[in-house]
C-alpha cells in the first residue's frame with residue numbers, strides 16, 4: 001500500500017521515486033538529521049558560479065545608468081528631451097514588470113543555467129546594437145539596444161537568493177546572496193563614473209559620437225567575454241546539495257506557489273515596502289544628474305562621482321548586512337533598522353541638497369547608499385525566510401517587480417514635481433513614501449521558516465499526490 005502510493009511514471013515511462021523519505025497515506029516526513037548530514041556537502045566550484053554571475057550582473061547593471069548620468073551630452077547629441085533620456089533608465093523598470101512572471105516560470109521549469117545563459121546572450125546582443133547607434137539620428141536604435149539589455153535583467157535580479165541557496169552552505173547563504181547583489185551594484189557604480197570620464201560634454205558632435213562608440217564598444221566586448229565564459233562554465237547545480245534546505249526541497253507547482261505568496265500577509269507587506277525603498281533609490285539615481293546640475297552646473301564628473309559613491313557605499317552596506325544576517329539570524333530586526341536609517345538619510349538628503357555645499361552632500365550620499373542599497377539583499381533574504389519552501393526566484397522576482405513598478409511611478413512623479421515645484425517637494429514626497437515603507441516593515445512577522453529547515457527540525461510535509469500516467 002505504502003509502495004504503491006509512491007509509484008508514478010514520468011512522461012517517458014521511467015518510474016518516479018522519492019528516495020530517503022518515509023511515507024504515510026497522509027504525509028511525507030523528512031528524514032532524520034543524521035541521515036541528512038551524510039548527503040550535505042558544499043562544492044568549491046560555488047565561487048566560480050558566483051563570480052560568473054556577478055560579472056554578468058555587473059555588465060548589465062552598468063548600462064542602466066550610463067546614459068542618464070551624461071544627460072546633457074545625450075540631449076545635445078541626439079536632440080532629445082530630458083524625459084527621453086530618463087527613459088533609457090526607466091525602460092529597465094518598465095520592461096521588468098510584464099516579463100517577470102514568464103522569467104520566473106523559465107527559471108523554475110528550465111533551471112538556473114538556462115536563465116543565466118539567456119540573460120547574458122540578451123545583454124551581449126543589446127550592447128552590440130548600441131555600438132552602431134552613435135550617429136545623431138539613431139536614438140531610436142539606441143533605445144532598441146537599451147531595451148534588449150533592460151529585458152535581459154529579468155534573469156538577474158531574482159537570481160541571487162536562488163543561486164545562494166542552491167550552491168552555498170546554510171552559514172553562507174546570506175553572504176552569498178549579498179555578493180550576488182554586489183556585482184550589480186558595482187556595475188551601477190561604474191555606470192555613474194565611467195561615462196562621465198569617457199564622454200565629456202562637447203560641441204563637436206563627431207567627437208561625442210566617437211567617445212560614445214568607445215564606451216559602447218568596450219561594454220559590448222566585456223559582455224561578449226562574459227557570455228562565452230557563462231556558456232562554457234556555468235553549471236545548473238552541484239552534484240550534492242550544500243545545505244539541508246536543498247536536500248529536503250520538493251518540486252513545486254508554479255500556480256500553487258503564486259497562491260501561497262498571495263495569501264502570505266507578511267510577505268505582501270514586505271513586497272510593498274521593498275518596492276517603496278528600491279523605487280525611491282531608482283528615482284534618486286535616475287534624477288541625480290538633473291537635480292544636481294541646478295546646484296553644480298558644468299560639473300558632470302563630480303555628479304558622476306557622487307552617484308559612484310552612493311552605490312559603492314551600498315556595496316559595503318550589502319556585505320555588512322549579509323554578514324550580520326549570517327551571524328545573528330535577526331532578519332526582521334536588521335531589516336527594520338536598515339529601513340529606518342534609509343528613511344532618515346532620505347530626509348537628510350532632501351534638506352542638504354539645496355544648501356549647495358558639496359562635502360556634506362557627499363557624506364549624506366554615502367549614508368543613503370549604505371542603508372538604501374544595503375537593504376536590497378536583506379529584502380531578498382527576509383522574503384526567502386517568510387516564503388520557504390517556495391522557490392526563491394519567484395518570491396524575489398515579485399519583489400523586483402514591485403521595485404520596478406514603484407521605480408517607474410516614483411521617477412515619473414518626481415520628474416513632474418521637479419519640473420513644477422523644484423527638487424525639495426519632489427524629494428519630500430519620496431521621503432514620505434519611505435515613512436510608509438518603514439511602518440509596513442514593522443508589521444511584518446518574524447516567521448523564519450527556512451532557518452527552521454536549515455536547523456534540521458522534524459517536519460511533516462503536505463501530502464503529495466502522484467497520479468499515474
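Note: Cβ is positioned from N, Cα and C throughout, glycine not excepted.
Annotations in TrEMBL come from automatic prediction, not curation.
The domain 'Major facilitator superfamily (MFS) profile' feature in TrEMBL is assigned to 49-449.
Cβ atoms under 8 Å from those of the transmembrane segment (47-65) belong to residues 89, 92, 116, 119-120, 123, 126-127, 146, 149-150, 152-153, 156, 159-160, 163, 167, 176, 179-180, 182-188, 190-192, 194, 219, 222-223, 226-227, 229-230, 233-235, 285-286, 307 of the same chain, restricted to positions at least 6 beyond its ends. Marked as transmembrane segment by TrEMBL: 47-65 (among others).
Annotation source TrEMBL lists transmembrane segment at 85-107 (among others).
Per TrEMBL, the feature transmembrane segment maps to 114-133 (among others). Residues 52-53, 56, 59-60, 63, 103, 106-107, 139, 141-142, 144-156, 159, 213, 216-217, 219-220, 223-224, 226-227, 230-231, 234, 393 of the same chain lie 6+ residues outside the transmembrane segment (114-133) yet bring a C-beta within less than 8 angstroms of a C-beta in it.
According to TrEMBL, the transmembrane segment annotation covers 139-161 (among others).
Taken from TrEMBL, the feature transmembrane segment covers 173-194 (among others).
What TrEMBL records for 214-234 (among others) is transmembrane segment. A Cβ distance under 8 Å defines the sequence-distant neighbours of the transmembrane segment (214-234), meaning residues of its chain 6+ beyond its ends; these are 48-49, 52-53, 55-56, 59-60, 62-63, 66, 113, 116-117, 120-121, 123-124, 127-128, 130-131, 133-134, 194-195, 198-199.
Same-chain residues lying 6 or more positions outside the transmembrane segment (267-291) and placing a CB less than 8 Å from one of its CB atoms are 65, 68-72, 82, 86, 89-90, 93, 188, 192, 261, 300, 303, 306-307, 310-311, 339, 342, 346, 349, 353, 368, 372-373, 375-376, 379, 382-383, 386-387, 395, 398-400, 402-411, 414-415, 418, 423, 426-427, 430, 433-434, 436-438, 440-441, 443-444. Residues annotated as transmembrane segment in TrEMBL: 267-291 (among others).
Annotated transmembrane segment per TrEMBL: 303-324 (among others), in sequence order.
TrEMBL lists 336-355 (among others) with the feature transmembrane segment.
Under the heading transmembrane segment, TrEMBL lists 361-383 (among others).
Residues annotated as transmembrane segment in TrEMBL: 395-414 (among others).
Under the heading transmembrane segment, TrEMBL lists 426-444 (among others).
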